[in-house]
Amino acid sequence: MVASTLSPPTRGWFDVLDDWLKRDRFVFVGWSGLLLFPTAYLAIGGWLTGTTFVTSWYTHGLASSYLEGANFLTAAVSTPADSMGHSLLLLWGPESQGDFVRWLQLGGLWAFVALHGAFALIGFMLRQFELARLIGIRPYNAIAFSGPIAVFVSVFLLYPLGQSSWFFAPSFGVAAIFRFLLFLQGFHNWTLNPFHMMGVAGILGGALLSAIHGVTVENTLYEDGEQANTFKAFDSTQEEETYSMVTANRFWSQIFGIAFSNKRWLHFFMLFVPVMGLWTSSIGIIGLALNLRAYDFVSQEIRAAEDPEFETFYTKNILLNEGLRAWLAPIDQPHENFVFPEEVLPRGNAL
């Protein structure tokens with residue numbers, strides 16, 4: 001008998017750290033967590049701080065914090081002043097020079113929340129990739145989450161980068177987002193943009209598919225319990241199906257004359273529709289950043305200008321957009337000191 005004197009191979013610090021990060025725990029950390037948790041913490045903390053204490057008086061001429069009397073719907077972390085351009089507004093940068101209060105007054109907190117928020121979303125996507133790899137499933141969760149990331153990055157970062165400054169990005173607040181929607185309509189005619197139309201079709205179509213799928217499964221559950229509530233009859237370890245795909249197919253074939261017969265294709269379609277809606281709307285926002293125009297039906301505008309009795313919903317919307325620009329711009333951009341004389345303000349044909 002020979003006694004072995006070989007010692008087990010030593011493990012480096014990287015292997016030890018890798019094991020610790022990937023350990024099975026209540027809240028998975030992983031390598032992606034090194035990006036996700038700090039950035040998400042700082043973004044959410046920055047937003048809570050801004051909506052609680054920080055004014056927008058110096059950037060927008062507005063009260064935007066709980067301290068000033070705003071509520072949950074009207075509080076916001078507002079975009080930096082237009083004069084700041086596309087500066088990263090670092091606390092130690094030339095604008096603030098290390099003065100924390102001045103940094104808040106200039107809108108530095110918005111850049112802080114936007115950039116950390118973007119990296120937090122990317123970290124969450126990487127988290128889904130990492131966990132899918134570890135437990136051996138496909139990465140479609142992460143691929144689908146690219147939709148919300150595309151929307152956030154295009155709306156909060158790429159759109160203002162195409163405009164004159166961060167000022168024209170949405171501020172982080174409920175009413176602030178509504179203001180941004182009105183701005184997009186008035187200055188870009190966003191609702192007539194085909195990419196917006198595809199986005200609406202994708203999001204509402206995804207909601208419709210989700211509702212149809214849910215009720216179809218509920219309608220075709222096997223009668224495997226004694227109670228009216230069927231939830232308790234389900235066992236997560238059961239081998240047999242819990243609902244009848246054949247019956248569902250028969251039902252929708254009679255309703256529409258066509259139905260899904262392949263569960264895999266059905267669920268891919270449910271993934272594809274809303275994610276494609278998010279992607280297409282993001283492409284449209286990038287177009288707006290470059291000031292690309294939506295559909296222009298010039299012939300209708302010319303005829304409406306020549307014929308007081310001719311008006312379409314399109315020409316009416318064009319006048320509404322002119323009104324939005326004329327009355328929104330002086331309030332939205334007080335630093336420009338816009339003054340529009342009465343004769344240039346839009347009027348409907350009926351006037």
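The backbone N, Cα and C atoms fix where each Cβ goes, glycine too.
For the ranges 39-59, 60-80, 81-101, 228-248, the feature annotated in Swiss-Prot as transmembrane segment maps to 39-59. As annotated in Swiss-Prot, transmembrane segment covers the listed stretch 277-293 rather than the other ranges in 22-38, 277-293, 294-310, 311-327. Which of 151-164, 179-192, 249-262, 263-276 counts as transmembrane segment depends on Swiss-Prot, and there it is 151-164. Take the Cα of His116 (chlorophyll a ChlzD2 binding site) and measure to each of the binding-site residues Gln128, Asn141, His196, His213, His267: the nearest one is Gln128. Counting in whole angstrom, His267 (Fe cation binding site) lies 10 from Phe260 (plastoquinone binding site) by their C-alpha atoms. When the alpha carbons of Gln128 (pheophytin a binding site) and His213 (Fe cation binding site) are compared, the span between them is 24 angstrom. For the transmembrane segment (123-139), the partner stretch with the most Cβ pairs below 8 Å, chosen from 39-59, 151-164, 206-226, 277-293, is 39-59. Listed in sequence order, Gln128, Ala132 are the same-chain residues six or more apart from Asn141 (pheophytin a binding site) with CB atoms under 8 A from its CB.
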